[in-house]
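What TrEMBL says about this one:
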ACT_SITE  132  active site, proton donor
ACT_SITE  204  active site, proton acceptor
BINDING   186, 442, 486  (S)-malate binding site
BINDING   275, 276, 299  divalent metal cation binding site
COMPBIAS  12-25  compositional bias 'Basic and acidic residues'
DOMAIN    109-290  domain 'Malic enzyme N-terminal'
DOMAIN    300-555  domain 'Malic enzyme NAD-binding'
REGION    1-30  region 'Disordered'
């Protein structure tokens, strides 16, 4: 692979882009910086201190001799399979809590990346809740206590503004494909955790690699420190970030803009995924950046796509035509508006009606009640687009709203905890035999209703999906398995498809294509039984299908710059999904042995 020099414009200044690589051809050792390549060439102890090159006890006797590793490792030579078996033994038998399991995997990622991802890929169903929701919430709350070693990059919006582009040169890869960035201002349902929110980009990147096939050396978690308004952070001597109030929204957007354009200058084909920004800031950033570089907001667009999948299959299970569906949303933040907008778009296209008529299927509720233009308060811009503009009365009580609307689905994205009470759920059942009940707030204790209550109060008839996992529940001799509207089923495939197609931007149509692809992965027989989503264990296959459909949509819209591969898009994509056992993309082959 040969590096090329391209030009990019940042803040009106034309700059050369050093060492731009083809993002569809990951794994080239030449994408490493000179400093890292010198470790590869000279070997010895620094080699096993580098997590992207270290194989631990999997180094062969010949490799140890050639690279000066003799005596630095136990004498036994092991396969990666045996190494992984030891890790799983430790996770299952030696860790007393899920947080301890999180810390063990964190440490593994700081010294042997290939082994970490081998373990994750082969145990996704068991370990996805550890590296991401729900355990990542606790990990973020305690991040400054459990921190072990640097992973990812930190950008100080107070002291380092104007230097973000230069700082990116410190990252050890010239070919970054995917970045997840946050400012920690709204972590899950936990609020402003500031720099401690770094656990979210770390977890998301791990799922992009393990579930979506991104190459770990070309994946970057990042956080922008714009301050924190959480008193506990400011008063905590261990807190990692600036102990200052948050920057204004204008200043925060400017910091994110600088970061994004620095990324676009250095890695012009890289995808930037925005994560867990406060609602108004999230919309402002997406609006400002979405047409300037390849990016999307998973809280807004990814959540919209994965919930649309559940809604689409849920309507099939009910037998409700999309043109007749009505949905009540409890919560009106960035995620809720993203979901509502995508469901409205789905109804518009499927029922062949106007966008205005499609939005009439949506009824949004916030802390003040049903959102209408006649309510009397000033609505923020993201709420205005979904506010009722007809003669809908102003109501606050959820049961009364359900009685008036007679919805087919009740979706919670409030982050307010168990707000779906028995009277509201029973009222829901008066109007539809198998109501969709989706408590999607994370982590688990923020969910609007438990699976147990949803099944009990609907007499086992609820079509249930949550944001964080719930255990199966037995109702009158029947074992009911709660679904999980987990964004991990969407974002790895969306990201990989967008990058592999060299898309210029991520459009709503690409997200809707992802939602339909995910919905079609579930068989009609499973849908009849109330199953809405594929199993997490099938995530790699799911991501390949989603990525293929996203790439197809990007190409059909004229947004993808790749040439359609002769072997077909699905094979092209699956061939480039990284796996530690793939010779063509294997980290171990790049040790230079």
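Cβ coordinates are placed from backbone N, Cα and C, and glycine is handled just like the others.
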Q: Please determine which of the recorded positions listed here (186, 204) has the lowest count of neighbouring CB atoms within 10 Å.
A: 186
Q.
What does the structure give for the C-alpha distance between residue 275 (divalent metal cation binding site) and residue 186 ((S)-malate binding site)? Integer Å is fine.
A. 9
Q) Closest to residue 186 ((S)-malate binding site): which of the recorded positions 132, 276, 299, going by Cα position? A) 276
Q) In angstrom units, rounded to an integer, how far apart are the Cα atoms of residue 132 (active site, proton donor) and residue 276 (divalent metal cation binding site)? A) 13
Q. What's the CA to CA span in angstrom from residue 299 (divalent metal cation binding site) over to residue 204 (active site, proton acceptor)?
A. 12
Q.
Neighbours of the divalent metal cation site 275, 276, 299: Cβ within 8 Å of the Cβ centroid, same chain, sequence order.
A. 182, 186, 187, 200, 274, 277, 282, 297, 298
Q. If you skip the near sequence neighbours and keep only those at least six away, which residues in the chain come within under 8 angstroms of residue 442 ((S)-malate binding site), Cβ to Cβ?
A. 133, 134, 137, 188, 189, 415, 467, 468
**Q.** For (S)-malate: widest Cα to Cα gap among 186, 442, 486 in Å
**A.** 18
